[in-house]
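Participant: What follows is a structure written as structure tokens; I'll ask about it next.
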Amino acid sequence: MTSSVRLGVFGNPVAHSLSPTIHSLFAELRDERILYERMLATPANFPKAVAQFFRDGGTGANVTLPFKEQAAQLANTLTERARVAGAVNTLMKVSSGFVVGDNTDGEGFVKDLSRKGFHVSGCSLVLLGSGGSARGVLSALLSLNPAKVYLVNRTLEKAQALKQLLVDLSVPGAENIQVVSNADSINEKVDAVVNATSSSLHNIDIPLPQNFADDAWGYDLMYSDNATHFLKQLERAGIKSRADGLGMLIEQAASSYQLWMGGERPDTTFVMSKIRV
Ligand code: NDP
């Protein structure tokens, strides 16, 4: 019998993480044997914990809050998309013994948009927030050729710095990003709004654009068993097509699983049906 492939997720807190369930379902689907653990770390012991995990035969690990930026510092090498994001959610040991840092959040996000039929190409789009997750999804959004992107952050300098970073990295479309500090100053009719702030975590309303297209869609990166605070806010604003970030979580996990295990991308529909019943 073949031994299990050792995988896991580093985070703090990590007890709530759905990743072990998601990856175990992928393994079940593909008839593979994995051992996927939750690994609680602190900022001080995270580098040692990662080194120990790979020394002990670990193949790959996910990284969640608050370690994504720290993981980008300690990986021996970064993929292009991890470099752009400045954050790593997937670590993988390669044959040379090097630990590669990747970021599958952006890919997971756009795969979920496509699954839901949420169009980006040619759209006027608003991205709320300029923290770690906004950094991860912005270049993925730009790759889908939106007509216009407004990047909104209450701390304007952070949004300006994020735009400049993508311009410096020559990410196509970055020069045309419009940076604003308050979404309700946007008068143009917008087709889509993506919430990458932690407003739902704090259960607070955040300013929205004034005008939405009739078929506009909205997406909250946060997910929960019930509608998130932001999704309720969108409902009140009359936006009919709405989704939370559970699909993104499952899609980014599928990308990580494929990187570690090879072969076909796991079927996310099955996993979604098992997790959101
Ligand atoms: P960060 O802490 O890096 O960034 C938080 C952002 O929210 C900043 O732009 C901050 O603005 C803004 N913000 C916080 N409070 C307010 C407020 N009261 N009003 C307006 N803006 C506010 O967090 P992350 O980017 O890592 O995470 C953001 C959300 O995305 C979380 O809810 C997280 O759960 C979710 N997420 C989901 C993932 C998935 O797979 N579905 C993956 C990653 C994240 P400022 O700069 O001014 O402080």
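Quick reminder: no glycine exception, Cβ is built from N, Cα and C everywhere.
Straight out of TrEMBL:
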type: ACT_SITE; residues: Lys68; note: active site, proton acceptor
type: BINDING; residues: Ser17, Leu18, Ser19, Thr64, Asn89, Asp105, Tyr223, Gln252; note: shikimate binding site
type: BINDING; residues: Glu80, Gly129, Ser130, Gly131, Gly132, Ser133, Asn153, Arg154, Thr155, Leu156, Glu157, Lys158, Leu221, Gly245; note: NADP(+) binding site
type: DOMAIN; residues: 9-91; note: domain 'Shikimate dehydrogenase substrate binding N-terminal'
type: DOMAIN; residues: 117-202; note: domain 'Quinate/shikimate 5-dehydrogenase/glutamyl-tRNA reductase'
type: DOMAIN; residues: 245-270; note: domain 'SDH C-terminal'
Participant: Tally of helix, strand and coil residues over the domain 'Shikimate dehydrogenase substrate binding N-terminal' (9-91) according to DSSP?
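Facilitator: Split into helix, strand and coil, the domain 'Shikimate dehydrogenase substrate binding N-terminal' (9-91) gives 34 helix, 18 strand, 31 coil.
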Participant: Per DSSP, how many helix, strand and coil residues does the domain 'Quinate/shikimate 5-dehydrogenase/glutamyl-tRNA reductase' (117-202) have?
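Facilitator: For the domain 'Quinate/shikimate 5-dehydrogenase/glutamyl-tRNA reductase' (117-202), the helix, strand and coil counts are 30 helix, 20 strand, 36 coil.
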Participant: Excluding Ser17, Leu18, Ser19, Thr64, Asn89, Asp105, Tyr223, Gln252, please set out which residues of the same chain place their CB within 8 Å of the center of the CB atoms of the shikimate site, keeping sequence order.
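Facilitator: Residues close to the shikimate site, other than Ser17, Leu18, Ser19, Thr64, Asn89, Asp105, Tyr223, Gln252: Val9, Asn62, Leu249, Ala253.
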Participant: Over the domain 'SDH C-terminal' (245-270), work out the mean pLDDT and round it to an integer.
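Facilitator: That stretch averages a pLDDT of 96.
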Participant: Would you pick out, from the binding-site residues Leu18, Leu221, the residue whose Cβ has the largest number of other Cβ atoms within 10 Å?
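Facilitator: The largest 10 Å Cβ neighbour count belongs to Leu221.
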Participant: Within 10 Å of Lys68 (active site, proton acceptor) by C-alpha distance: pick out those among the binding-site residues Leu18, Glu80, Gly132, and say none if nothing qualifies.
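Facilitator: Neighbours among binding-site residues, in sequence order: Gly132.
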Participant: Taking each of the binding-site residues Thr64, Asn89 in turn and counting other Cβ atoms within 10 Å of its Cβ, which one has the fewest?
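Facilitator: Comparing Cβ neighbours within 10 Å for the binding-site residues Thr64, Asn89, Thr64 has the fewest.
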Participant: Quick one: pull the CA-CA distance for Ser17 (shikimate binding site) versus Glu157 (NADP(+) binding site), whole Å only.
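Facilitator: About 32 Å separates the two Cα atoms.
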Participant: Rank the binding-site residues Ser19, Asn153, Thr155 by the number of other Cβ atoms within 10 Å of each Cβ, and give the residue at the low end.
Facilitator: Thr155
